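Chemist: The structure is given below, and queries will be raised subsequently.
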């Protein structure tokens, strides 16, 4: 899993994410809807236009959930259990979408963190987001 150094890199970078939760989350969702239009099917009831209040609110929910995971990196299963249940049993989201959103979140991080999104930070976040995606997909097995 994540080394102690990688966890520190994630926590340090998260300090910048924390102050822009709604913006980063909305941008990641908008990117996902643009690059992977098939993901829109789960949001048929949303206004999917740029800057939509629904996308901004949901984007913030996504980033708040990631923040919970950031602060519970040693026990992601417990931290994300309810969210995993919701997506598997109620929303029935195809688990591949977690990986698609993770990729879009990487792009958002790289764009906003600039040089601070070093190769080491990228690797740490890649491992972290892959672990989050795996935990969210646990209930599908």
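Glycine is no exception: its Cβ is also placed from the backbone N, Cα and C atoms.
Pulled from Swiss-Prot, these are the listed features:
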- 58, 87: heme b binding site (BINDING)
- 1-141: domain 'Globin' (DOMAIN)
Chemist: Based on DSSP, tally up the residues of the domain 'Globin' (1-141) by helix, strand and coil.
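Modeler: Helix, strand and coil residues of the domain 'Globin' (1-141) number 114 helix, 0 strand, 27 coil.
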Chemist: Sequence gap of 6 or more, Cβ distance under 8 Å: name the residues on the same chain that satisfy this around residue 58 (heme b binding site), in order along the sequence.
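Modeler: The answer is 25, 26, 29, 43, 46.
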Chemist: Sequence gap of 6 or more, Cβ distance under 8 Å: name the residues on the same chain that satisfy this around residue 87 (heme b binding site), in order along the sequence.
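Modeler: Residues satisfying the criterion: 93, 95, 98, 136, 139.
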Chemist: Pop the mean pLDDT for the domain 'Globin' (1-141) in here, whole number is fine.
Modeler: 94
